[in-house]
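J.: Pasting in a structure now, in structure tokens, and then I'll have a few things to ask.
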Amino acid sequence: MRLSLTGGPLLLILVISGVVAEEVLPPTIQKLMKGYNKYLRPFFGDGPVTVGMSLDIASIDTISEINMDYTATIFLRQRWTDERLVFEGNKSLSLDGRLVELLWVPDTFIVDSKKSFLHDITVENRLIRIFPNGTVLYALRITTTVACNMDLTKYPMDRQTCTLQLESWGYNVKDVVFYWTRGNQSVSGLDTLQLAQYTLEDYYTSEAEAVYETGNYPKLIFHFRLKRSILYFILETYVPSSALVVLSWVSFWISQSSVPARICIGVTTVLTMTTLMMGARTSLPNANCFIKAIDVYLGICFSFIFGALIEYAVAHFCTLHQPNAAHAYMYGQEMQEREDEMNGIVTSIGGSHALRSRKREEVLSRTGSTGSPTHSLPKDSEVAGSPSVGGGIPSDQRGRCARTMSMAGRVARFLYCCRVENPHYIDNYSRLSFPLSFVFINLLYWTYYLYF
């Protein structure tokens, strides 16, 4: 048979490479590979093959709250027994990682992985080792980005629990069984792990089964709990926002007549607080349903700063509307009384009372009534026939009207009690009430978010 000009050289190269490969492989490997079918799992038809796993966490590079994921570099080691690879001897065979293409390996994948890659500098970072009893050790160096659902309601005083889940893609529990080789000790490298904003609190391993429509599949889960370091946020957010609140209180000690100074302090602190609030959200998801702890604190600080600005507006308004006319009237009355006393005209209390009585009788006489109680009460026939009394209004409407008038009177009395006789007292009260309120709310805030 003659080879074509195009396909002949390629086929010749493949034949030569296969012959060379067989000659390069040691006799032990050639004997193992003779009749070996990598498309059939070990113990095919005789029960599942057990695969033990262990992890070595080399690093956790980033933990992103925006994307809710973390990126880690891990060494994944898998062990299983293949009865077809048993050979005589007492030494293991360490093979080139590229020879893994000739063997059956588990189809393990990382659940919730967004992107992963196998390191290949300078060669693919894979290790294959075969022991005399047929045990195969297969190790990989992988960098993966895994999703992690985070609860940010207590951010930045939060604790997050993330997982790394390993499953079999195509073999169900009847074909493959996964297990951790040493329980919780199967994961190493965490004791020396250094993270930027977190400290590792706890970690543990577990085994489970993933249930899908196509069957039940083996699953191994590695859980690790992270606690966020709050010192950075205290220096970056909490201290500046509290300092702005204290700065807004300086206006309480400035004279109310210094309008530009107090307005400048109020507006500057409000704008600075707004900028701080916007900067605190740059490292967080733009759209989420979380009301975070840092948002609550910044909202509290903004309320106090805005309240200090409103306080000056109220005090200045009361100063402009001070009842000076009433004071002038009272001063004029006092001067008139002194002048009357100098002229010998003294008004007695009894005389004034008699004068008021006469005025009252004159008013009652104009309305056709007298001071006698018997004359002030109309007769039943007059009440029934006169449209002026009751005016045909039902009793329930008169009752509602009376209740409304009573309520309005209570509100008026309350507002009268809350009147400000001296606008300068507003600043005096604010100097004490604002700091005490801020300290009290801080105690409630830190107690709730740190201990509940």
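Placed from the backbone N, Cα and C atoms, the Cβ positions cover glycine too.
According to TrEMBL:
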- 1-21: signal peptide (SIGNAL)
- 29-229: domain 'Neurotransmitter-gated ion-channel ligand-binding' (DOMAIN)
- 230-251: transmembrane segment (TRANSMEM)
- 237-327: domain 'Neurotransmitter-gated ion-channel transmembrane' (DOMAIN)
- 263-284: transmembrane segment (TRANSMEM)
- 296-314: transmembrane segment (TRANSMEM)
- 361-392: region 'Disordered' (REGION)
- 366-375: compositional bias 'Polar residues' (COMPBIAS)
- 432-451: transmembrane segment (TRANSMEM)
J.: Where, among 230-251, 263-284, 432-451, do we find the most CB pairs under 8 A to the transmembrane segment (296-314)?
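T.: Checked against 230-251, 263-284, 432-451; highest Cβ contact count belongs to 263-284.
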J.: So what's the mean pLDDT when you look at the domain 'Neurotransmitter-gated ion-channel ligand-binding' (29-229)?
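T.: Result for the domain 'Neurotransmitter-gated ion-channel ligand-binding' (29-229): average pLDDT 93.
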J.: Could you tell me what the rest of the chain brings near the transmembrane segment (230-251), counting residues at least six beyond its ends with Cβ under 8 Å?
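T.: Distal contacts: 156-157, 197, 261-262, 265-266, 269, 272-273, 276, 280, 294, 297-298, 301, 304-305, 308-309, 312, 430-431, 434-435, 438.
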J.: At a C-beta cut-off of under 8 Å, are there same-chain residues at least 6 beyond the transmembrane segment (432-451) that contact it? List them, or none.
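T.: Residues packing against the transmembrane segment (432-451) from afar: 154, 157, 245, 249, 252, 293, 296-297, 300, 304, 307-308, 311.
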J.: Quick check on the domain 'Neurotransmitter-gated ion-channel transmembrane' (237-327): DSSP residue counts for helix, strand, coil, in that order please.
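T.: So the domain 'Neurotransmitter-gated ion-channel transmembrane' (237-327) is made up of 71 helix, 0 strand, 20 coil.
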